Amino acid sequence: MDPLSRTSLYVGDLHPDVTEEDLRKTFGQVGPLASVRLCRDKLFPKSVCHAFVNFWFPAHAFSALRLLNHTILRGKSMRIMWYQKDPVTRMNGIGNLYVKNLDKSISSARLQGIFSKHGTVLSCKVAEENGISKGFGFVQFDSEDTAMAALKALHDTVLEGKKLYVSKFLRKIWRQAGEPGFRSLYVKNLDECITEDVLKDKFSEHGKVISAVIMKNEKGKSKGFGFVNFDSHESAKKAMEALHGELIGSKNLFVGKALEKAERKEHFRQQYGYGTDHHKKSNDSTLYVRNLDGSIDDRKLEEIFSHFGTVVSAKVIRNSDGVSKEFGFVRFSCQVEANKALNSLIRTPFQGRTLYLAWAQNKEQQTNSLQQFYSHWQSYANFTPQPLCTCNHWPRHCDSPLFSSPIPTKQMIPWHPTLYSNFVGSFSPPNPFQAQNLQSIPPRHTPVWNSKDCIGRNLPMQLASLDWCRQDRYEGISKGQKPWSSAE
């Protein structure tokens, strides 16, 4: 279909919070809209991060594609292309290229600008994770001939200091059907002096190498691992068997099959028992180390703890920029060795810092510990004080100040409106040059005890006969008279 007659656009890679109203406001600036439909999940009413926008006139749709493609909406770049109604056309992969070894600074818009010099680009996307480029992307042209011309022109060219690898895109089911075995190898424990050319030359001794890549951080330094791709499964298998454990530079290489994310998770689950009882037992021999110096790396951490036993793994946790978070984990072959290291190195000064060591905990154990901690303090927060006595005299069932009640009861304090008022005021020092308003503070009243019911008949016979316990002595209190004089 002629692009000048199209009116429907596909909008992908949307932020989950984008609404249809956001799309109407954004695309409505270009021209009048016929409809906007944000696709949602069938089971849950949440966005699946793509939508369809229909204009009344093709010219407005073409302008929206040209002006709004790869623009930011709610913090995420939109990918806009013409809507393909025929599913066969969408799924056949004609004119689709796979590009890898991209620098982190290469965005989808910039990649499309580079490839659009060789033909009409229908769609371009750089794969991202949490907003950070994963180093590869996809470019789709309007024809197979244009795509092959771009492949020949840009393959092995240097972009931002990295050599591009461009190939025809193949879907996963096609790759698995045409590849009975693996052809990509994962290589780690690389020395910092090893370059991609050295790595390629070393692996080329065992077969034809299509590409060799060493992963680097933001500063351009090697992360110590990379990938090597062969043209055949036999060459990859031969190189893995020959070079695994071989000394190159100052380190022994680890060479294995490159795994996809799902395969890697399954491998870790089977090897280390993640989600099983074996994983819980592995925490008995794993230590959590904190307050590390920023210069300590995995190798230095392993060297520190290797004096106390066999270190299975040592890892310093780092952020996305490769900067140490100053803590890590060390796993020993058994709990005895880990306990020995814990008792020996805890509170030990190292490079000007005092090391903090503890047993490592998984998420479930951390959750249980936090629940126990907060439930302990919650018991104090939920403490309810006993209510005070609201009568203005001592009840008969309460303890009298003159004698003990024969019935054991709790001591209760009589209530008074101003008895527990705060008459201290602020603890801050008063301003000597500011007038103090003391009239707003009510006077503190002396509580009046009505002990009439507690005198005479409630006293023992021996005390009731005494002169100072006579009833008339206390009846005078209510008339303003003193119960007795100092002369008495």
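Heads up, the Cβ atoms here are built off N, Cα and C, so glycines get one too.
Applying DSSP to the domain 'RRM' (7-85) sorts its residues as follows: 19 helix, 30 strand, 30 coil. Annotated domain 'RRM' per TrEMBL: 7-85 (among others), in sequence order.
If you look up TrEMBL, you'll see 95-171 (among others) marked as domain 'RRM'. Averaged over the domain 'RRM' (95-171), the predicted model reaches a pLDDT of 89.
The domain 'RRM' annotation in TrEMBL covers 183-260 (among others).
In the domain 'RRM' (285-362), the DSSP tally of helix, strand and coil residues is 23 helix, 30 strand, 25 coil. What TrEMBL records for 285-362 (among others) is domain 'RRM'.
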